[in-house]
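Student: Got a structure here, written out as structure tokens. Questions coming.
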Amino acid sequence: MKAVVWAGGYSMVLGLLMGVAHAQETPQEVSTLSSIKVRAQNEKSEGTGSYQQQAVPQVLKLPMTLQELPQSATVITRQRIEDQGLDTLGQVMEQSPGVSRRQYGDDGAGYTSFQARGFNITNYVIDGVPTTAAALQGYGGVSVMDTAIYDNVAIVRGATGLLSGAGEPSASIMMQRKRPTAEFQGQVSAGVGSWDRYRGMADISGPLNDSGSVRGRLVAAYDQSRSWKDGYKGKRDVFYGVIEADLGARTVARLGLEHMDNRYDGSSMHAFSVSDTAGNLVEWDRSDSATAAWAYSKQRRTMAFAQLEHEFNDDWSIQMAMGRSWLNNEQLYGVAAPEPTPQGRGSMTAGFNEKTPTQDTADITIKGRFQAWGQGHDIMLGANYYELSRHDMAYARQRIPIAQIKDFDRNLPRPDLKITGPDNQRARQWGAYAATRLRLTDNLALIAGGRVTNWKDHSNTTLRKENGVFTPYAGLVYDWNEQWATYASYTQIFNPQSSQDRDGNYLDPEKGNNYELGVKYLFPGEAASASLAVFQTRKDNLAVVDGKELTPSGSQAYIAASNTRSEGIEFEINGELAPGWQMGAGYTHYRFRGADGEKIKTDIPADQVKLFTTYRLPGAWHKLTVGGSVQWQSKIFDNQLTGVARETNTQKAYAVVDLMARYAITPRADLTVNFNNIFDKTYRLAYSSHTYGAPRNVMASLRYQF
């Protein structure tokens, strides 16, 4: 029934689109489609040439700018993505103030996660519709999602449960796809870089009929590279197509399809550990691989979507979206590790994972404006839903002995892995939400709302569910003048857990409160903005490692810690500070304490500085733009270890410096060169793993626009 309903809705929108192609509107009808087109124009960053974007309607689904939002947020615009060469979602997230990366193993194959304010980032939103990392490409694969199809990526820090439902009070990653343009435009680019990297991209957009009432866009990209790691090579393919049509003077519909196909050979889900069982450092080079030559990881995802926007009048509108995604995430692994013997022996653990989830999503929102008490107010109400299901098989692992780990031969025979049984999952979340912005005075606005969520996760052996969970949201914003605003916000946290205690019982859902105070400044002309925020998150039932205790299945056991507290400060500045001078910069400090004041989450840097800036030279040198970036973070370590073991399992504070230059060969053609990690800094992405950040490298890209 579910598939029939989804297909029926999709077919209905498809029929409307096909009908409009034959029944073109008159020029007068098309021209009255004003507010939808104006809103879409304001929401895109493409073509602005700026690192600053104010419109963020996807955050609370109210007509809101960053200046009016009672939360800390960053928008990475299309211009910055291209200037910095941020070709993957992971690279975009790393550039956001306050976001850190933890990785074990190789890109596209290892365990990669991102954190903000001391918590893992688990909430992802595409075109305003919540989705799951498991449906996107799995947690490791999210970091290598290609950004060629996105106009901008917003990182909203703090709890965002009003629209997303269950999740951590870390941040939400909100991706906005590119949309068709009213005028014809296109671009092609080709790049070459270190480790035999080659990248190509084509993007074409414009009207599909004489009146311009039907528009389309196609984007395709290909990226392949070897690595500084022995035997590793990877490739990414992405294709995206979307058709947009005016179904009337106040109605727009879209149909789209995106497809991503990634493969990484000689890739590992883990790297060698930095220490032996006694805590002594075990030396390995950055190029040393802990994986067998036959190991691989691949992700293939297809996502179809339909969207409909309709304005009832100048004040009230409705937005509907439906989507279905199909993912095939497959990994054959063979990971080597030393054994605690004086002879230097080791062993390889070999296994096979396959996850093939299908996910359906739906979202409907009604928005309106009304007059009361001499002021204009905004209101929205809606509901969203996702259901993810997969039916896979589990495989037994095999242990393969290695005589000398330091002489590890990556060409060990590939084992024959046996099926042990089914591996099924069905996860579902449904929620209804509402919010309003009441202008109490000309300068003071109250944002208030709430959400009711039903959540369920069913696997082979367990059933977990939470019904009727209410999540409130409240914020106050006071505009001192056109430039300065202060705000305060509060929301609650609800996050079901997959962590288990030593008896194999799942921990109760995490619950708590999130508080934030801040001040924002909008530069004259709105070319740049700055913000300063302080936050505190209190959480109960936080999963904390239970020493060396294991669950009955052999996994790490956890205990639930109550009255934990994450608090800190964030500063950010974005935009054009002077003619030709663009900047995106931020500083974050946070600390995480348990009920007794002890430090926890020390594997996340307490301090971070991120800066990227470019300057277009004046006068005769106006064709040249130069820039650079610095990323610095404080040390990370294992606070449960002491002495030599703690010192070994520590990544000291470090900074990575990049440079870039772009030269406009003609008004339509330009050459960009990015020099990354110019001082060749060696640093680990996790304190306990020989997983390293990229050494010094270079990428040159030639682009032509038409």
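All residue numbers here begin at 1 and follow the chain in the order shown.
Each residue, glycine too, has its Cβ placed from N, Cα and C.
Nobody curates TrEMBL annotations by hand; they come from automatic prediction.
The shown structure was predicted, so the numbers you read here are calculated from the model rather than taken from an experiment.
Got these off TrEMBL a minute ago, pasting:
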- 66-170: domain 'TonB-dependent receptor plug' (DOMAIN)
- 278-678: domain 'TonB-dependent receptor-like beta-barrel' (DOMAIN)
- 689-706: motif 'TonB C-terminal box' (MOTIF)
- 1-23: signal peptide (SIGNAL)
Student: Mind checking which residues of the chain, 6+ beyond the ends of the motif 'TonB C-terminal box' (689-706), have their Cβ under 8 Å from one of its Cβ atoms?
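Tutor: Hits for the motif 'TonB C-terminal box' (689-706): 82, 85, 103-106, 110, 185-195, 197, 199, 228, 270-274, 284, 286, 288, 290, 656, 668-683.
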Student: Tell me, what is the mean pLDDT of the domain 'TonB-dependent receptor-like beta-barrel' (278-678)?
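Tutor: The average pLDDT of the model in the domain 'TonB-dependent receptor-like beta-barrel' (278-678) works out to 94.
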Student: Let's see if you can do this one: DSSP helix, strand and coil counts over the domain 'TonB-dependent receptor plug' (66-170), in that order.
Tutor: 29 helix, 35 strand, 41 coil
